Amino acid sequence: MKTVLTKSPIEAAEFIKRGGAVAFPTETVYGLGANVFDEKAIGKIFEAKKRPNDNPLIAHVGNFGQIEALVSEITPSAQKFIEAFFPAPLTLVLPKAERVPFAATAHLETIGVRMPKTALALEFLRHCETPLVAPSANLSGRPSPTTWQAVYEDLTGRIECILQGGETTEIGLESTVVDCTANAPLILRAGSITLEDLQKIVPDTRIYRASKNEQPKSPGLKHRHYSPRARVVLVSDLRFRVSNRSAYIGLNEPCEKFDLIKICRSVEDYAHQFFKFFRECDHRHIREIYCETVEEKGIGLALMDRLKRAAEGGAASS
Ligand code: AMP
Ligand code: MG
């Protein structure tokens, strides 16, 4: 299959209308979209990404009316979050409407819904005239794509079209996912909308932690994620010995010499940069990436979540 590159949201939307899969930029990372009501198109996403089929997709909407078409109920906490934040890097998990196919939700009775913020994403969604399910536009397990070139690297020849926008540095991390089906909202995945932000709107909001032996509430949490080919090592003390072909990313200058170094201005900047840095390390055949740990609060919680899971993954195979 030839992957068409375009800067036109109108041209990209035509591919969606014909049942295709299209990558598009949002304020978080590039998503890979398909019509939420088209099971065949949804199948293409799983195939192109080599995504495990028990991993649900997030539905992206371009207006408030589309939320009602996707869910059977907007719970009181969800209503408050929508009013306070949407459009935002925030996904709300709600009971799904009957007409939403189970292909979109990996057979769950719930669906994650979000309204992205960037003008290009909203314009694209408007031309699609339907909500889109859109996971990150990378091969499963690889670092999420923050540039169209990263999408191209993983998915060229596997999807119909890439809508070319700029780098997604506004956030650079996937959305915060909050389960709003119960009385107290539960954060299933940390993101740039923080626990503190959410508690200002609904004080009962908590972070979900799976107890041992329990199936995780958010199926995606059990899969390997975000991994470059290099081994990822987390370090808090900057006096350590490094091997050949090593790279470093963090807030402080390390003591050792590295083949590649990125010093970030702030935790936010670190969160914007590290996916791209991981891919750059792969291009340069780096074998180990040392990542400085940060305090697990605010966006630091989301960053540490991604770094820990990239470190758990070990060397990626796909
Ligand atoms: P991705 O779009 O690849 O960043 O992944 C989306 C993630 O959102 C999934 O891996 C899940 O962890 C979470 N998610 C999406 N929909 C649901 C849902 N209905 N219930 C719980 N978690 C969800
Ligand atoms: Mg992903």
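Each residue, glycine too, has its Cβ placed from N, Cα and C.
In TrEMBL, annotation is done automatically, which means it is predicted and not curated.
Between the candidates S8, S72, S77, S175, TrEMBL assigns the L-threonine site shared with T28, H60, R114, A134 to S175. Taking N55, R114, A134, S136, R189, Y226 as the candidate binding-site residues, the subset whose CB lies under 6 angstroms from any atom of ligand 2 consists of S136.
Confidence annotation: the domain 'YrdC-like' (6-193) carries a mean pLDDT of 96 in the model. Distance between Cα atoms for R51 (ATP binding site) and T28 (L-threonine binding site): 19 Å, as a whole number.
Looking at Y226 (ATP binding site) and S175 (L-threonine binding site), their Cα atoms lie 14 Å from each other. A134 (L-threonine binding site) has N55 as its nearest neighbour among the binding-site residues N55, T110, R189, going by CA to CA distance. Here S144 (ATP binding site) is compared against the binding-site residues T28, H60, R114, S175, and the shortest C-alpha distance is to T28.
Residues near S175 (L-threonine binding site) in space but far in sequence (CB under 8 A, at least 6 apart, same chain), listed by position: T28, I58, A88, P89, L90, T91, R114, R189, G191, I193.
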